[in-house]
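Asker: The structure that follows is given in the form of structure tokens.
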């Protein structure tokens, strides 16, 4: 696998109960390929396969590793060396928490600690694991103490910290819906925008049969001074607003854009908005619900 062709690779590891599963879920929602508990010795084979067959489907690969894997400590260093020879330099995220917090989490979930049993009680198992993983902690690019984090806190921190490591996580998906007010407002919209103030090509006999997908309609609606001013301010508003929703942990937002019939003004505006948001690295879907009715 050539270095230029490799997917970004992260290894999420650390103390049991510190939040590894939560972090893996966060990355999965962000369109990373995630896998937990994979034997260390087969990681290189997995990455070769993904680089060959899944380059366009995922933003990267996130591997969850911990002491439950029988070969973890013995093969961890060797696996890193093999990856580096392949041109892959994995980033390591190490999760930890104070012992009281970990003990409380295990007591709450009533799940046994992986090292608990025999002469080791829960508190001793937590400390023993901390000592065993000290060399792994030393290799980490990012150490997160999750003692005071809620699940939502952890999600926000993961996004922020990963960006500081050189990654880019534009997590919010924007769903655009166009509609005609005379057919009803979409019930699944988070926000509704009424564009009936814009010039209406419906009353131009040469334009009436066209739709907002046609250049003539787009020029009529957004090419005039009123349309240009509106669209610039509308886009600026959304580019300010959407990151605020991202910061609150939202995964998606649905914007409904309406005009009288849902064929001209709303469609042309939504088409332009989709293109503009994609240039800002948002994942955008677009549905014209009433374009054939208006």
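Glycine too: its Cβ is placed from the backbone N, Cα and C atoms.
Predicted, not measured: the structure shown is a model, and the values here were computed from it.
In case it helps, Swiss-Prot gives these features for our protein:
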type	residues	note
BINDING	14, 15, 16, 17, 18, 19, 20, 21	ATP binding site
BINDING	66, 67, 68, 69	GTP binding site
Asker: Checking the contact step here: among the binding-site residues 15, 17, 18, 19, which have a Cα within 10 Å of the Cα of residue 67 (GTP binding site)?
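Answerer: Matched binding-site residues: 15, sequence order.
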Asker: Neighbourhood of the ATP site (14, 15, 16, 17, 18, 19, 20, 21): other residues with Cβ within 8 Å of the Cβ centroid, in order?
Answerer: 66, 95, 96, 97, 102, 146
Asker: With Cβ-Cβ distance below 8 Å and at least 6 positions apart along the chain, what are the contacts of residue 20 (ATP binding site)? List them in sequence order.
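Answerer: Listed in sequence order: 12, 13, 14, 36, 64, 66, 95.
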Asker: Cα-Cα, whole number of Å: residue 68 (GTP binding site) versus residue 15 (ATP binding site)?
Answerer: 11
Asker: Would you find the one among the binding-site residues 16, 21 whose Cβ has the most company, meaning other Cβ atoms within 10 Å?
Answerer: 16
Asker: Restricting to the same chain and to sequence separations of six or more, state which residues have a Cβ under 8 Å from that of residue 18 (ATP binding site).
Answerer: 95, 96, 97, 102, 144, 146
